[in-house]
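*Asks:* Can you keep this structure in mind? I'll have questions shortly.
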Amino acid sequence: MNPDLDGAFDAIAEVSPLVNCITNAVTVNDVANAALFWGGLPVMSDDENDVVDMVAGADGLLLNMGTTDEQGVETMLAAGRSAMDHDVPIVLDPVGVGATPARDETAGRLTTDLDIAVINGNYGEITALAGETADVRGVESVGDYSEIARDATAVAADTGAVVVASGATDVVATADRAFEIEAGHELMGQFVGTGCMQGVTQAVFAGAVTDTLDAVLAGTLAYGRAGERAAAGAYGDFEGPASYRTAFLDAIAGLDAAEAAPDEERITELH
Ligand SMILES: Nc1ncnc2c1ncn2[C@@H]1O[C@H](COP(=O)(O)OP(=O)(O)OP(=O)(O)O)[C@@H](O)[C@H]1O
Ligand SMILES: Cc1ncsc1CCO
Ligand SMILES: [Mg+2]
């Protein structure tokens, strides 16, 4: 099956979803531009005095725990409670969970105290959230994850979120359905931030498309297709990972529903 890309792109154009991002210091600019280039409106408010009111009028909230600290976690919880009060979907990117006890505790608090709409993490992070042994080195997923669909489903059942386990093949799971999405290009794994930009992509799509699973299937496929179109040279020549990153951002800006639509089916329902 393929998702309704026309519907998703139209919804984003109509809503221009305002997405408040509390995100890491490494990739914050790429995350802002990815949101803008999809047709959303990014704002990076992360002061507790400001973010609660900002989120009240927003369409999405991204919580990326890549470089957070003690105060940052409290701010994420306050922003998340405001999102829940105002029916704003929350996307969690549990960066580095499984690598240290502090990150495990942060992810545990966020998923316990907040009603998360989408969790977008790499294979290692999703496996760690499922309580299984994961090999997360810093923020990198290393190791072999043959049970990723089972683990993503377990995280979805536990949290109620739509779960995206990102990697060369993306796995999307709810408590009772699971899908594989074949999209993207290996060049996307060769610079920092593709996971973070995928997280904000979910927030833009979920901020405009009513059904969260529809939003995530469309957003994940479109994101991978942007990487493929850039790798094919459709957005200019590149010399290596740094200039590919620029072409990739241009592809996000330029992609429409027709270009995002693949010639063949890319999504397989596993169960
Ligand atoms: N080898 C690959 N083949 C196809 N697509 C890829 C590949 N590597 C990465 N991608 C694409 O990039 C997305 C995010 O990659 P990845 O899972 O490596 O994120 P991450 O580890 O969270 O990254 P980061 O921490 O740098 O933000 C994937 O969902 C996929 O679309
Ligand atoms: C490298 C890095 N360290 C903390 S967050 C981040 C960005 C990629 O997740
Ligand atoms: Mg990531």
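Yeah, the Cβs are placed from backbone N, Cα and C, and that goes for glycine too.
Take a look at what TrEMBL says about it:
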type: BINDING; residues: MET44, GLY193; note: substrate binding site
type: BINDING; residues: ASN120, SER166; note: ATP binding site
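Let's see these features in context: how buried, what's close, how far.
*Replies:* Of all the Cβ atoms in the protein chains shown, 17 others lie within 10 Å of the Cβ of MET44 (substrate binding site).
Mapped onto three states, the DSSP output places ASN120 (ATP binding site) in strand. Of all the Cβ atoms in the protein chains shown, 32 others lie within 10 Å of the Cβ of ASN120 (ATP binding site).
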*Asks:* Measuring Cα to Cα, how many angstrom lie between GLY193 (substrate binding site) and ASN120 (ATP binding site)?
*Replies:* 13
*Asks:* Rounded to a whole number, how many Å is the Cα of ASN120 (ATP binding site) away from the Cα of MET44 (substrate binding site)?
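*Replies:* On Cα coordinates alone, these residues lie 19 Å apart.
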*Asks:* Listed binding-site residues: MET44, ASN120, SER166, GLY193. Which have a CB under 6 angstroms from an atom of ligand 1?
*Replies:* SER166, GLY193
